[in-house]
Every structure is written in structure tokens, then in C-alpha cells.
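Read through the structure below, which is laid out as C-alpha cells, and then see the notes.
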């Protein structure tokens, strides 16, 4: 039965733009995509969006380490993420970035509305500061012992063990993640969102019955503990959006990250030339539905701060949050050393996307339970279910239809009651997809697959094919098998997009939810081609080994000059400005009697002569070759008395030593006495 079409906006949590997509990420994106594909099959108007979370200190620091700009890094990472999601056939309508003009404008709009409505408070706070790096430390760059449950090695904003949130100043024995130094306290003026003002609204939203029971129970614990004002600002240096009329202050990444949902949708509307839909979906009284698929680690932000921000800025709240658990591999946390910390791209080098989509789907429910990817069970389940039960149903019937009946199916069903059993299951299976009871849906479908294969086994078309005068029976039996295959693939279409494409090509028809009510009668199918290949443990072993090799490549010791001679501690610009570097002409160069390391250089600074002893003899056995060259010297270095005389400066050279010392020279045109700036 056709449903009334709904307008639905679906989002996944925004992947952080400083690392690759891995199988933990993929659980959420697959779960959301299966649900979205089902909604589309039922005729609903679905907009499915995501974006990269592209702001924050981690982005800034990693870009510095790579020697590139944050903009360049997040641009490259966005392309990588989108390639991975496309490889898994995640059907996004738009994939954007929080570092966008749409997101800037919306962040400033929401902030200004909150401020106008009295929900932004200013106050001076004491904040952790890294004395070695000269920067305030964001929450995730401080680690210590959780003040609530006393678990060690927890971040400065929330505990991954007990789920508590707190200020980084509350950590026990905090350490800077950047330098390892013990942070010191410094004062800074910050901006706070007045979350407690929304306590009554949030409690009513929690009691509405829409949220998962586990989420509602956790929120009740937070209400009982009392809501706190939320610090939404960070001090420079910071990669993000500067707060209007507050120089040197930036929006905290968790303020503009969820606004990224709105920014990505706004970008999609603009691409379509659709100026109406944005307001239609986000206005206060919107009748469109809004769903966020998220992991259990970010429930606090999405269940408290996000709806409160929307309420306070006169936008609509989410219809619901769909929260999932973590992914373990072979019963344990994903491990780089064991090769079970597997990137999405690595998986696709060894297996197809449909295999993981099916395995995750078969294990998912509407509860917030962790999902274990047992790699041996994965191989057995994919082969048993997809290959043996579903694909084999088509292959064992298609041969007879193609060879004996030119691909034409029978004009009547051999067993109408069995077919009705299959189509009647649409209600139960559809409800399971709708309610995210994916494991139940798969169990129902596989039970039908068992019925279909039992029918074929009992009818034994391979026996009938050898009996004279039974061509009509053979055609009817095999046509029945192919029609049952069609129903099964229709139910599995949200899960297996690539297998569905191949099945539709064979069946010579599109698979639609309502279409299965009418069987394919007198219909011509195409020649059968292999739809899916079996997988084996050798592929798993290769996958694990490849993951280990990737870890070795990314964690291998640094080689080259920096490994043996690392960069010194950071100095300030004022420190650097004290060094006066000048261009000098080498007027004379000679050996120093009694030294096997030094050369005596006479340097012209453009009106002033200097005598400098330099330890470069091993690289320049013929001092005369240096005469007439220009070099760089430290002109304001205090004279140093040596047993050979007084050295009045230092020339600049590079290299590890010995014969590999290279005197630095300025570009052509530089004159003696010119200052190096």
C-alpha cells in the first residue's frame, strides 16, 4: 500500500577532517544509507546530507606538521572522504564542509539570535595554557584522570568511560597533549551559551517518547546532575570562524559543527536554485522530518546543546536522534597492531562494499549496542546468505529458462499461495526497515529465502527437465523460483545496491516495493550472468596484512635530516629579530695553522671588515676557491676569543658535517652589508 509522501532530511555525524574513514565510521553511514534507501523506495522525498567537520586546533596543528595550510589539508581530506563513501555506495545528495561561507553565515546568525535573546553570557575564566607552546589548550589537547569516575588518560571535555562532561580544569593531573608539559592557569574572557535556561524544554522533549530509551535515560541523569553553561569560544591561534566583534576569539568547533548540517543543506538548496526548501525544512513550525544518525559518544552534544541552540535561535528541533554503538573487530577494540584497524579504502581493495553493508545490516537494531565484525563469521555469513540462499536461487532456475524457453517466464504462477506468503511479508519487513530493526528484517528475508529454496528442492526442476512432456511444468517451476528471487532482492534493495543493479539487469525490470504485488508473467529475462562471487579467508588474511603494512608505513621512524637533528624549541618573533643576518663578501680565506678544522675568513660587510674563524675546512680543502663568494653571516654575535685570535661573527652553513658542509650564499644581486629579512 502506497504511503503518504513525507519530506525527510537525514544526516550522519560529520567526519573530522584530519584522518581517514575507517570501518567504525562506516557502520553509521551504512545504517543511515539503508534507512534512506528504504524511505526512497516507499516514495518519500528524502534529502541525505553530510559534510566534513573541518575546524579546530587538531586541524591547525596537523596542517602545521604537514607543512601545508589547513585549507589545503581539509580540501584533500574531503576528496578522500567522498571517494570512500562513494565506494560504499552511500547515496548522499550533498557532501559539504563546515569551512564554508554557508556555515559561517548560519553560525553568525544563530549566535546573533542567541545573543539578542539573552542566551550568551560573557565572563573571565581561568584556562589551561601550554607554557612551552605558548597557546591555550583546547579540551581535546589536555588529558588526565576523569574527575567523576577516576579513569586515567581521558580528554579534557568528556570521559569516554563514564560519559561525563566537565571542564578541562577539573581533570586530575592534566598534561598537554601537544608538548607533554603540565599546563598552567591563565585568565581569558570567554562566551557562554546559557544551557540551563532550556532545561524545562529539553526535559519535555526527552519525555516525548521519540528518543531511544537508553538516550532518554542518560539525559535524565544529566538533568539530575544539573545543566551547566557551555563555553562556545576559543582563543587564537585557532582554525575556525572568528566571533563577530570579538577579535582573537573563535567559535568552538562544537558550535559550528552541527550547524554544518544546515550549511550542507543550504548549499544543496543553492545548487538546485531552490530558495524555498531551506526554510521549509528548518523553520520553527516545519512539518518536515529531521533525523540525525550519530554514535553514542556524541549524544551529549546532540541531545542537549544542539536542540537548545536551535530553540534559542528560532529554528526547528530534530524529530529524533538515531544512536548506534561502536564497532569491535573479532571481539576486541579495533587494533592497528593486529591489523583490525581497517580503513574504508583498504577494505574496498579486498572486498566489495555490499558484503560489509550486508553484515553490518544483519547485526544492527534500534538499540545502542556495539557491533562486532567477526571476520570468520563475516565470510561464512556472506557466503551462506547472499551466495547460497539468494543468488543461487536465481542461478539454479535461470539456466533452464534461458536455454529451454528463450528467457520467457510462464504466464501463470505455479504456487500463488507461496507467492502471497512472500508479498504479505512486505508489511513486517517494511516495518523492520522503518524502525531500524535491521537484523529482524534480514532474518525475515532469509527465512523466506529458505522457503524459496525448499520449494525448488521439492520441485526438482533438474529432474523434471529430463522428463518428456513436462516442459510447461519446468517453465512454471523455474519461473516461480525467479519470481521469488525478485521479491527477495526487492526487500534487500536498500542493503545491496550493486547486487540489485545486476539483479535488475538480469530480471529486465526495476525492483520497486509496490511492484512485487504483480508477479512477472510472460516476461522475458536476460541471459544470466554471475551475480556475486564467493569470498574466503585468504581475502581476510590479505586485508589484515595490508592494514598492518599501512600502519608500519604511517608509524615508521622518520628518516632524513630531521630525524638526526630535530628542530629546536619554538622561539618568539622578538627572539628571532635580535639576530642580525648580513650579506658578506669573502675577501680572503686561508688555513689556520695548528687546526685541522678551521678556516680563517676575512669578510667585507660593505664598509666594515670582519675576521671570522669557521669550522668548514673538511668541506673546503682549497680555501682559495671561496674568495670572491658572497655568504651570510651573523653580524651581531659577540666576539669570541680563541687561541688563534678573535672571531667577530659566524658564517651560515648547512649539512651533517665532514665533507657535507655547504656554505650558504644569497641570490644574485645581493650586496655586502644587505640585511637578511
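Cβ from N, Cα, C; glycine included.
Within its own chain, the motif ''HIGH' region' (15-25) has Cβ neighbours under 8 Å at 50, 52-54, 56, 58-59, 62, 73-74, 77-78, 80-81, 84-85, 97, 326-327, 329, 334, 341-345, 347, 356, 373, counting only residues six or more beyond its boundaries. According to Swiss-Prot, the motif ''HIGH' region' annotation covers 15-25.
The Zn(2+) binding site annotation in Swiss-Prot covers 146, 149, 159, 162 and rests on sequence analysis. Non-local neighbourhood of residue 159 (Zn(2+) binding site): 146, 148, 149, 151, 165, 166, each in the same chain, at least six residues away, with C-beta under 8 Å from its C-beta.
The motif ''KMSKS' region' annotation in Swiss-Prot covers 333-337. Using DSSP to sort the residues of the motif ''KMSKS' region' (333-337) gives these counts of helix, strand and coil: 0 helix, 1 strand, 4 coil.
Positions annotated as ATP binding site by Swiss-Prot, on the basis of sequence analysis: 336.
The helix, strand and coil residue counts that DSSP assigns across the domain 'tRNA-binding' (575-677) are 10 helix, 46 strand, 47 coil. Taken from Swiss-Prot, the feature domain 'tRNA-binding' covers 575-677.
Note: the Zn(2+) site is recorded as 146, 149, 159, 162; in the same chain, 147, 148, 150, 151, 154, 160, 161, 163, 164 also have Cβ atoms within 8 Å of that site's Cβ centroid. DSSP gives residue 159 (Zn(2+) binding site) a coil state; it is part of no helix or strand.
Annotation for the binding-site residues 146, 162: lowest Cβ count within 10 Å of the residue's own Cβ, 162. Here the C-alpha separation of residue 336 (ATP binding site) and residue 162 (Zn(2+) binding site) works out to 24 Å. Cβ neighbour count for residue 336 (ATP binding site): 15 (other Cβ atoms within 10 Å of its Cβ, all protein chains included). According to DSSP, residue 149 (Zn(2+) binding site) sits in a coil region rather than a helix or strand.
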